[in-house]
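One structure is given below, encoded as structure tokens.
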Amino acid sequence: FFFETKVLLYCCFLFCFQQFLELLKSMTSSSVVDKPPVRRVAIFGGTHGNELSGVFLVKHWQENGAEIQRTGMEVKPFLTNPRAVKKCTRYIDCDLNRVFDPDNLGRTVVEDIPYEVRRAQEINHIFGPKGSDDAYDLIFDLHNTTSNMGGTLILENSRDDFTIQMFHYIKNALAPERCPVLLIEHPSLKYATTRSVAKHPVGVEVGPQPQGVVRADNLDKMRKIVKHGLDFVQLFNEGREFPPCTIEVFKIMEKVDYPRNTNDEVIAIIHPKLQDQDWQPLNNGDPLFLTLDGEVIAYTGDCTVYPTFINEAAYYEKKQAFVKTVKIKLTAKHIRSCILDQNTS
């Protein structure tokens, strides 16, 4: 009996030691992905000239930027569409947040070129070129929406470990306040956003807020998101390692238009039960639209979706009543700044 007990204890020891070695192996530097430090950061406001939280914050930080400065990096507040800001309108000739594609960025500058296309080329020259090693590391692009989206983070690349880790940090810092993440990666929906000039583009969308209006609560929410994002960058640059993390995101699937007649006029409006229900589940048979004659148009689908940008004022011209999203999980790898290796080599 004594011999059998010793064998059992020895086997248990071997098993525990093997588990310890596996844990130790997972914690070693070999499992960490080294990322370049983030040294150049821009904060864009006024991409749409009537979305005033970002306009107010960027103008304030241009005058007094102490709160956005962090050791070891340059943070540049920048007003992206000054003409639209001056007129308090979304844009002058076309949507600045849709023209950062190769065709527009490489377009010949002639006298009648749209103002926003010319401005996009200027922004690409200052903060890019887009897709190059010389591009800014990170851009926060500050937006407001008339939809009830709260403080939303917009992700463009599901494989961007650095940005996913940042979003995980921001969400935890803001908890228990909700901070949804919208993933706009899609095979056919191409946005060509202003922030896409950077290696790590970050959209910040805060609402509800009317166009041409600034609300203190939304401005404060946007300010906190930027603060926590910059805090994350500083910690990363200083050498903190961020272990693997998983976040829930809402992946865009489809844009849904309003019902229209043969003259392309809207003939039904967002149903009261859908209005302001951004990020809430929408199931087959739930009401979507309501005609002025009282007819209810219901959702038909074989799976639960989560609508957002519901009844966004700026999207009437884009023929978009809301976007359908589905919930998915994204996992980021264990990351650290490779500056440590450079310092110790």
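Quick reminder: no glycine exception, Cβ is built from N, Cα and C everywhere.
Per TrEMBL, active site, proton donor/acceptor is recorded for E205.
The number of other CB atoms found within 10 A of the CB of H48 (Zn(2+) binding site), across every protein chain shown, is 27. Under the heading Zn(2+) binding site, TrEMBL lists H48, E51, H143.
Counting every protein chain shown, 21 other Cβ atoms lie within 10 Å of the Cβ of R90 (N-acetyl-L-aspartate binding site). The N-acetyl-L-aspartate binding site annotation in TrEMBL covers R90, E205, Y315.
As annotated by TrEMBL, substrate binding site applies to N97, R98, Y191, A192, T193, T194, R195.
The domain 'Succinylglutamate desuccinylase/Aspartoacylase catalytic' annotation in TrEMBL covers 38-232.
Positions annotated as domain 'AstE/AspA barrel-sandwich hybrid' by TrEMBL: 246-325.
Feature annotation from TrEMBL assigns signal peptide to 1-23.
Using a 10 Å radius centred on the Cβ of T193 (substrate binding site) and all shown protein chains, the other Cβ atoms total 25. Summary of the substrate site environment: with the site residues N97, R98, Y191, A192, T193, T194, R195 set aside, the chain residues having Cβ atoms within 8 Å of the Cβ mean position are T47, L96, V99, F100, D141, S196. The residues near the Zn(2+) site, meaning same-chain residues not in H48, E51, H143 whose C-beta sits within 8 angstroms of the mean position of the site's C-beta atoms, are G46, T47, G49, N50, G54, R90, N97, L142, N144, T145, in sequence order. When the binding-site residues N97, T194 are compared by the number of other C-beta atoms lying within 10 angstroms of their own C-beta, N97 comes out lowest.
Ranked by how many other Cβ atoms sit within 10 Å of their Cβ, the recorded positions E51, E205 place E205 at the bottom. Summarising the environment of Y315 (N-acetyl-L-aspartate binding site), the number of other Cβ atoms within 10 Å of its Cβ, over all protein chains shown, is 20. Under DSSP, the residues of the domain 'AstE/AspA barrel-sandwich hybrid' (246-325) split into helix, strand and coil as follows: 3 helix, 31 strand, 46 coil.
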